[in-house]
Amino acid sequence: MQILLLEIRKILNWKILLVLAFVNLILYYFLIDFNIKHFPNGRPALDSYRIGAEMVKNYGPEMDESEKANFRKKYEEEVRKADEFFQSREDFKKVGVQSYEEFENMDRSNEVQMKLREKVIFGEEVDLFWELQERERLLEFHQDQEMIINNEINRADSIGQKHLITLKRTGQFDLYPEVSLMNFKDIITNIAIAVLISVVLVISPIFLSDRTRNLVDLQYTSKIGRSIFMRKLAAGLISAFIVMTGLLAIYLSIYSLNNPSIFFEVPLNSFIGGGSWYNLTFFQYILLSTLAIYVLGFLLTLVSMGISNIVPSFIALIGIQVPIILALLIFGIRYLLNLIISMWLPIWLVPACYIALIGIVIGSVVFIWNREKKLDIVL
């Protein structure tokens, strides 16, 4: 236990923690900060979020036909408010616009009318008209539900068709605005990048630093012997867990400032464009994404330790790890995290990729351990 704690302290020393803090400040600024400060990002994203929150508050995480009718009734009430708005404005009376319908059917070639339109929407930024546009978009999805899912069924394979037919019977799809879900997907992807880079930064020197100081020969000829390899492995995994947990706690706490909790109970399939193989709620999807980051982090930890044990120098360590990390960040995260349960991919693909990666990494660790047990030590 003392050796294990000593190895953890060696990994998480104050110098590496300072570097880790500096690197994460940079990564946060470039990758995450924008999606926190600018959410919802302009119009109509702001209106989409507000209306979505209102829908969850009024109807809950699911909507039946009467609630859809109520949503349409609310839209019609807003249209009447818009009619009253135009009837109270002299500038619109002069151009012959006295209702929302006339406003929507304005002559695009009429310069005076177009200037008035831009004045109300972009100059005065009257919330009512932005909200009406978003409500119309949502109503179109509600009205076209059957057509949309029938098109998806026609394009899907046999497994996908079975899933979509079941989903069609429930009617719980393409109901709620997707702005909060899309924001989470953007943020969790960038959080994963920051966390995985941090893990590599912390773990990579674990074996190589001892070798460059000629400590391996002394360690392997001591009483503890070659089993120190496994203790270093355990120390690396524990250290990676500490780093990932700390960073995820910080980043997800910052993400909570975007107030996603109102949508936590909404099923993924109920969001527009949220087609998922499993009918998880938004909160369950957040937990699954967090678990996926842990799995990827542990796999990358084992890969980094394996490379650190084999390469002769820090230059070689960097040269080998950079392509692996880039491949994971550019290609791996998209499929293994962002699309983890998406119907854009076959249902078996992501689980098969995880099983293959876990098998390859564990097999490589076993190979390196067997190699270590037979390695000659020359004093």
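Heads up, the Cβ atoms here are built off N, Cα and C, so glycines get one too.
Sequence annotations record features per position, and here TrEMBL assigns transmembrane segment to 12-31 (among others).
Summarising the annotation, TrEMBL assigns transmembrane segment to 187-208 (among others).
Under 8 Å from some Cβ of the transmembrane segment (233-257) lie the Cβ atoms of residues 4, 7-8, 10-12, 20, 24, 28, 32, 36, 184, 187, 191, 194-195, 198-199, 202-203, 206, 286, 290, 293-294, 297-298, 301-302, 304-305, 365, all in the same chain and six or more residues away from its ends. TrEMBL lists 233-257 (among others) with the feature transmembrane segment.
When Cβ-Cβ distances below 8 Å are used as the criterion, the transmembrane segment (277-302) is approached by residues 61, 163, 167, 180-181, 184, 188, 191-192, 195-196, 199-200, 203, 233, 236-237, 240-241, 244, 248, 252, 260, 263-269, 271, 325, 328, 332-333, 336-337, 340-343, 347, 354, 357-358, 361-362, 364-365 of the same chain, each at least six residues removed from its ends. Annotation source TrEMBL lists transmembrane segment at 277-302 (among others).
Residues 188-189, 192-193, 196-197, 200, 204-205, 208, 212, 289, 292-293, 296, 300, 303-304, 307-308, 345, 349-350, 353-354 of the same chain sit 6 or more residues outside the transmembrane segment (314-337) yet have a Cβ under 8 Å from a Cβ within it. Sequence annotations record features per position, and here TrEMBL assigns transmembrane segment to 314-337 (among others).
Summarising the annotation, TrEMBL assigns transmembrane segment to 343-369 (among others).
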